[in-house]
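**Student:** Shown below is the structure under consideration.
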Amino acid sequence: MAGCAAALSSFFFEYDTPRIVLIRSRKVGLMNRTVQLLILAYVIGWVFVWEKGYQETDSVVSSITTKVKGVALTNTSELGLRVWDVADYVIPPQQENTLFVMTNIVATLNQRQSTCAELPDAKTVCISDDNCTFGSIDVHGSGVATGKCVHYNAHVKTCEVIAWCPVENDTYVPRPAFLKAAENFTLLIKNHIWYPKFNFTKRNILPNTSATYLKSCIYDTKSDPFCPIFRLGQIVESGGQSFQQMAVEGGIMGIQINWDCNLDRSASHCIPKYSFHRLDNQDSDHTVSPGYNFRFAKYYKDANGTEVRTLIKAYGIRFDTIVFGKAGKFDIIPTMINIGSGLALLGVATVLCDIIVLYLMKKRFYYREKKYKYVEDYEQGLAEAFRTE
């Protein structure tokens, strides 16, 4: 109890004030200046020069529009001689910050609402009607079972379904890709950016770009790094992939546009930097359901007024445009904050040297005696003096 009272008395009725002691020691002096120089180098080199701690920063706000150009010619037994243009292979025509280009298809022509044999697999192959359950639905199937076992071909019988007939057979994917010519299609990216804090706007079609140049240029990392028109094959190759291999089953490519701008300099120095990466997983250990595909249908009516459709399973490459960046401009507030933080850090040198001198050196007790001095209250000291006399 007495100890607690003494501690409380010490806490409330004693006051500590720093005392300056000059220690003539080469080791301690050199250590102190070394730590101070390291802190100074950190503040100047890292905080102010590298991280630009004297600037106020803002994140980019961006909008993207895209346009693809190119035609391809195909000649198959199912579709015949056909020319494909942008309205055929860009699906849908516009999306937000992304674009899908169809490169391969599995087409099922002239489908009608009817009954037909299901596609053969472990669940649908049958011998008699007893193997088929009326009204059963398989989420991986094409329709609703009628309960009958019918011939799929001369050798195989499967359960009959009510569905869009004939049912789709996607077991074979065309190789090489159906629209392999898409490698030479071009993509125009128009990117507008805005830094609201600084009211700064710019776009990736730079001010010195002419209409003539825009019609003829193709982006190249070295020879033409500011052209906003990209060849699709070059985008995929820049991401370390083969376009013709990727076109077979599809995939997702990321187009990154980096706008890191120092607004203390001229606006002409604020320019976009492009990079390309494949975004979908291509790990050799994970090969289930590779690529990118979806289905859509085109509906029409035949001469008898019956609804007919062409079902297309579209494989292709989705191009996701990702814009990021940061702008900085001089501001007195972050400058003063970082200067104050740097000055405060210089106190670390004093703390470190105090710990070494007072607790680690051989003469620590001598230095501790010089460092600390205990002084009684002035009035209490006078009273004790009078009593002594």
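Numbers run from 1 along the shown chain.
Just so you know, glycine gets a Cβ as well, placed from its N, Cα and C.
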**Student:** Say which of CYS159, CYS165 is recorded by TrEMBL as the disulfide partner for CYS132.
**Tutor:** CYS159
**Student:** On a count of neighbouring CB atoms within 10 A, which of the binding-site residues LYS69, LYS313 is highest?
**Tutor:** LYS313
**Student:** On a C-alpha basis, identify the one among LYS67, CYS165, ASN184 that is nearest to CYS159 (disulfide bond); the candidates are the recorded positions.
**Tutor:** CYS165
**Student:** CYS159 (disulfide bond) has how many other Cβ neighbours within 10 Å of its own Cβ?
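**Tutor:** Looking across every protein chain shown, the total is 27.
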**Student:** Based on the record's binding annotation for ATP (LYS67, VAL68, LYS69, THR186, ASN293, PHE294, ARG295, LYS313), what whole-number value in Å is the widest Cα to Cα distance?
**Tutor:** 24
**Student:** Given the disulfide-bonded residues CYS116, CYS149, CYS227, CYS270, find the one whose Cα is closest in space to the Cα of LYS67 (ATP binding site).
**Tutor:** CYS227
